[in-house]
Every structure is written in structure tokens, then in C-alpha cells.
Amino acid sequence: MKAELLWLRLLCLAWLWPVSLSNGSPLPGRRKHKDVYLGEHVKNKHGGRIDHKMKKSDSTKSLLIKSEQLLRIEDQDFAMRPGFGGTAIPVGIDVQVESIDSISEVNMDFTMTLYLRHYWKDERLAFPSSNNKSRTFDARLVKKIWVPDVFFVHSKRSFIHDTTMENIMLRVYPDGNILYSVRITVTALCSMDFSRFPLDTQNCSLELESYAYNENDLMLYWKNGNDSLRTDEILLSQFFIEEFNPSNGLAFYSSTGWYNRLYINFILRRHIFFFMLQTYFPTMLMVMLSWVSFWIDRRAVPARVSLGITTVLTMSTIITGVSASMPQVSYVKAVDIYLWASFLFVFLSVIEYAAVNYFTTIEEMKKLKRGKLPASFNATQAMAFDGCFHDDEIDLSPFPEISNPSVDQQVAHRNSADTPPTEGTRLRRRRSVRKNINFIMSNSYMIDSYSRILFPLTYLLFNIIYWSMYS
């Protein structure tokens, strides 16, 4: 019995011995599977292909550390400008204008997108290089070194583009020369003069200046002179860009001193065709439309009054629309002169008919008093119809004959030769003016006849003077 138990134990040991060897031996295949298992375990723990990404992240981190060590960033105090305590550091500026996004007359400003590039030398960032190649960095390294604090004078809003990352580039050369470039959109003030609007030309400028460093610490200058300002082909809806040119100067502040200032000057000339279609042509048509009433019968009161009121209201609407799109300035603009002069012509055409209607009424009242009107005349019905004392049976066509001036002069000369004048020249002038007024009152239709010629000629003369002055 004991022999059988001993034999059974030997069989069990013989069966378990290979299993124990396979579990404890460092076989290559088993180690490989173990690595894969660990990698999958870490992958499930971090949610990604972490072994490859960890290696890539580590290499980037080590490269950044090497770059910082190469530039000796941690060993220097970059809160101070290069060459602190010595002469002013020269900083060159180079600008490329990408676009002029908008120009607002109401707010008196413009919005511009540009590439602003700075050039200076910082020997603290010099590094040894066998191939003399530069190194390029993004915004992460810019925050750790000294850069010029250039800002835009008279700017209202500005920002650095950040899609997909901040549009900032830093390029460091082995000898310490640095190129720092940013892409900026800025909205700045432009003092506009609208005295010749819309036939005006505006001079705008974008001004750059150091905020903290005066001319003793930092000297701003255009890197390549007049070639430092470059522009793409810029097309604007209402303006034509006549000129882009850089300039420089000094700005004085009583508390901090003198500062170098750079100017980006550009001249804008307004396109007139838009305002010709929207303002000038409609105004001309309204004035010409008001002249139509001169050819309408003076007895047609509703037609002439309606036409006059319509043109006056239309001119008021045009003036209101133009004023709403302009800043509230205290001086008269060129478009205001044209609109209000045209409004005056339209208003005078209404006043002209009021005078015609009044003189016609006076004439009929005189005939009514003289008893020359027929017995069937009903003044109430005539007034209800068109506002004048007449009807179809009244014959207003025969008027007193116009006397010949030469005959009148001969008669007056004979009378003066026979009897000496008892009245002075002043009395004779009053008599002549009174006669002319009485003649016009008794012949009111002549007012329309004269207006048909006088109004167009006067308006034509006004246009000639206006366009010769402002164009």
C-alpha cells in the first residue's frame, strides 16, 4: 500500500516538473508577449497608443530643453533690454499690409490687417552653429525672452490672429540677430475732413511707437527705408488708394520724454459713381420733375399742388438718408450744398405756383367786382373745384394789350417838354414798379412762361459752378 502511494507521488512530480520550468524560465517568446500585454495595459489605462506617443512627447520635450539650454535662456535676465545701460538698441521695422478691411465715416476709423516684423540683435541669444543656420520658434519661446513693446498709437481695437495657433514667429540666428513677426488686425483713428464729401480725399496714417522705452533706450527705424512698406493689391468698394508711404518722426510726452514714432501713411480718394447713382441723379430728377408744373394749366390746382408736395417730400427723404450715413459734423459738406440748393429749387417751384394762383384769384375778383362775370357764375362751386373764382364760361384769354415801350417813351418825352416835371425821379420809379406789378398781376400766366426758362437756366448755372469748384 505504501509502495503504491509512493509511486503515485512520483507520477505527480513527474507531471508537474515541466509546468514549473515553463513558468519560471525567461524564454524570449514569453517575454515578448509580456511586453505586449503591458503595452496593452497602459494603452487601456491612458486611452491611446501611449508607448509611441510617450516616446514622441519625450523627444519633443528633450528638444525644447536642448534649445533653451543652447540659447542659455535660464542663465540670462530677459526682463532687461539688450545692452542695458549702454546706447539705445536699434529695432528695425518692416510692414506688409495684407488688407484694409473697412473704412467707417461715421466712426472716423479704419481697420487694417498687416504683418509686423521686428529686427534687432540680442547677443544673449547667440549660439554656436557649424552650418550657420537659424532656428525658428513659435509663441511659446517668445514669452521667455525680451521683445520690443511696439504699440499702435490712436488704436481703438487690435488683436493677434490665433487660428490655428497664435500667428507669431521668432527666428534666431547664430550671431544673435532676431526676426520677430506677428500678424495683427488693428482698428485705428483717422481724422477725416468731410467739407468736400463725397468728392473728398482722405489722408490716414497708422502710427507705431514703443510704449516703455524712449529714444535713449530704443530707436525705431524703417528697416529698408521706403521699401520697408509693402502692400498687396488692395481693392476697396468706395475708395481708391492713391499712395502708400512710410515716414518717421518724434513724439514728446511731458512725463517720459521723446519717443521714436513710425508712420504708415496712405491717401484714399473716394469713388464718386456710387453717390452719383444714389444721391445726385435722383436729386436732379426731382428738380426737373418740379418744373413739369410750369406746363400744367394754372387752374389745375390739385395736380400742381400734389406734384409740388411730392417733390418736396422726396427731397426731404434724400437729405435725411444722406445725413443718417454721415457723422454729425458742425460744418457744411459739399453734398449738403447740392442737396439744399436743389431743395430750394423744388420749394421755389411750389412758391411760384402759389403766386400764380394768388394773382389769378385777384384778377378774377376784380372782374367779379366790375360785373364782367356772367349771371350763372357760382363762386362757391368754382372755389370748391380748384380754389379760384372762375368757371368754364369765364374768358380770361383777352388781356390788355401790351404797350409799345418806344411809343410810351415818345409820349412821355413830349409831356415833359410841354410841362416841367412836378415829381422827382424817385416817384417815377415807384410808378414804373407799380405798373410792372399790376401788369404781372393782371397777366399771371406770364409767370409760368418766364419760369419755364428761368428755373432750368439757373439750375444749369448752379451745376456748372458746383462741379467746377469740387471736381
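Using N, Cα and C of the backbone, Cβ positions are placed for all residues, glycine too.
Pulled from TrEMBL, these are the features on record:
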| type | residues | note |
| --- | --- | --- |
| COMPBIAS | 407-419 | compositional bias 'Polar residues' |
| DOMAIN | 76-271 | domain 'Neurotransmitter-gated ion-channel ligand-binding' |
| DOMAIN | 279-369 | domain 'Neurotransmitter-gated ion-channel transmembrane' |
| REGION | 407-427 | region 'Disordered' |
| SIGNAL | 1-22 | signal peptide |
| TRANSMEM | 272-293 | transmembrane segment |
| TRANSMEM | 305-325 | transmembrane segment |
| TRANSMEM | 337-360 | transmembrane segment |
| TRANSMEM | 450-469 | transmembrane segment |
Beyond the flanks of the transmembrane segment (450-469) by at least 6 residues, Cβ under 8 Å: 287, 291, 294-295, 337-338, 341-342, 345, 348-349, 352
Within the predicted model, mean pLDDT of the domain 'Neurotransmitter-gated ion-channel ligand-binding' (76-271): 93
Three-state composition of the domain 'Neurotransmitter-gated ion-channel transmembrane' (279-369), taking helix and strand from DSSP: 77 helix, 0 strand, 14 coil
